[in-house]
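See below for the structure under consideration.
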């Protein structure tokens, strides 16, 4: 009786399982997937709120939710005085580098210098509360500043209408934050991956050269310069300036060049010393600030501004003013602002996540990309409302923060407070700061954006990846930023299409004295059974794009049209073994191609077998 009961249970289980297979449940609707994605982002590990009668349970879930959104709540409990000493030193060192760089990057973005300092106050404070990286330093960066300077002037001219240009920059920053927040909430980080690593290497190198050429305006003391970013237009403008082919008031001044180059050499020497001696890491960090102080004193004492040295003049101080009413969300340029915001969001996220993950791997902890996108998005939305432009993680300042021994994100808070105090107390002292010094500070940060060794490595590993790299580089250099990015993305997509349409199809043989089957072209010593071909389809999908190619390729091999296969099969083919363990998806076109392949092989007397 007991055996009969067990038999009936097994039979019932088999019937129920077969019913599940034949009548499978419908997949969850789209709204439920989106809700689940948002829940996993906001709630830790997808926890659900259980509204029980116990208040402790609800409070515990609320605290977990807050800790997930604001990681500072969890690690601040164990914060010690010893950590604060390290963070204080790192934050002060970071501020000494951040202040001159922020002013220089604001000039690069074609906005007033104070907006670069504003961007180094609010976004770092918000990131310190919401970000998960301990080392990343937040603020304006060269590449994003160059993006704004090259894309926004096509909509509003910063010279003839500076207020409209500034308002459009705030609007672009708002849309950048919106896109970054959406990427994080709905887990759309894969969109950032469309800009491959190789394309990013080429884009950064091209952008570095363009940024360097743009700094020739400040380094040569030119009052008028081309608004275009391609290398031909910039070099033509410099040539006209040097050969006096422009108006007398627009000629270059050698005093600016001498002053800028002198302090550029000083900054590069201090960087060389800091790399040779790790204990002197603070020297290259404070050298930009020392350059600003010394050059300002030189200009003030010598009255060099009366002899043609360009100075930045008035820098507005005080707390970040509100820019809520300056956002252009109902004007004619909303669509263009959103497009520029999308480009800036992708570039800023790619740079920040790459920087954060590289230093997190050194410290041995994981960085959640979706949480980083969420925190970056919210900080840029808040920044757009407080007179900031697009902020992200800076590689050079993060390296300084790491070398200074930062322990937590408190170093960002110390840096932001120091910049705020500078805005309150010291902005009047920047009146006589020469523009050439800001150009030299920006130029000193550019070598880190050009990675020749990585480009050589990409060439050795994958020629198509190198093509995307060089395409992005040449597009940025000789056309525009948009064209450079477009070329890189098109080449990357073309690579994916080529790999999908022409998947790897390998003839396998058994490696001697093993049970492993490998590609006979890669392992010539592999042994094949006479009359039998073992074929592996090295593709994750057999679909309409590659099904015909796979079928014709196998039929050609069976027909022994290729000379190298005649030696492998040693005679007439009697059986074909298809190894499709790599296939994850087969559509209707793939099924039809396999059925037709099976029929045509059977008509030739060739059996088809699985491995």
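The count begins at 1 with the first shown residue.
Cβ atoms are placed via backbone N, Cα and C, with glycine included.
Those TrEMBL annotations? Automatic predictions, nothing curated.
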Of 72-94, 95-117, 164-186, 302-324, the range TrEMBL labels transmembrane segment: 164-186
Transmembrane segment per TrEMBL - which of 46-64, 198-216, 217-235: 198-216
Segment assigned the feature transmembrane segment in TrEMBL (from 20-44, 470-494): 470-494
For the transmembrane segment (198-216), sequence-distant contacts whose Cβ falls under 8 Å of one of its Cβ atoms, 6 or more beyond its ends: 108, 142-143, 146, 149-150, 222, 225, 229-231, 234-235, 238, 347, 350, 354, 439-440, 442-443, 446-447, 449-451, 454-455, 458, 462, 465-466, 468-477, 481, 484-485, 488-489, 491-492
Per-region confidence, the domain 'STAS' (539-611) (mean pLDDT, whole number): 81
Contact yes or no, the transmembrane segment (470-494) and the transmembrane segment (136-152), 3+ Cβ pairs under 8 Å, gap 6+: yes
The transmembrane segment (136-152) and the transmembrane segment (429-450) contact flag, 3+ Cβ pairs under 8 angstroms: yes
Stretch-level contact, the transmembrane segment (280-301) and the transmembrane segment (377-396), CB cutoff 8 A, at least 3 pairs: no
Contact set, same chain, for the transmembrane segment (402-422): CB under 8 Å, 6 or more residues outside the stretch: 72, 75, 79, 83-84, 86-95, 98-99, 102, 117, 120-122, 124-125, 127-129, 131, 133-135, 137-138, 278, 281-282, 285, 319, 359, 362
Helix-strand-coil residue split for the domain 'STAS' (539-611), DSSP-based: 35 helix, 12 strand, 26 coil
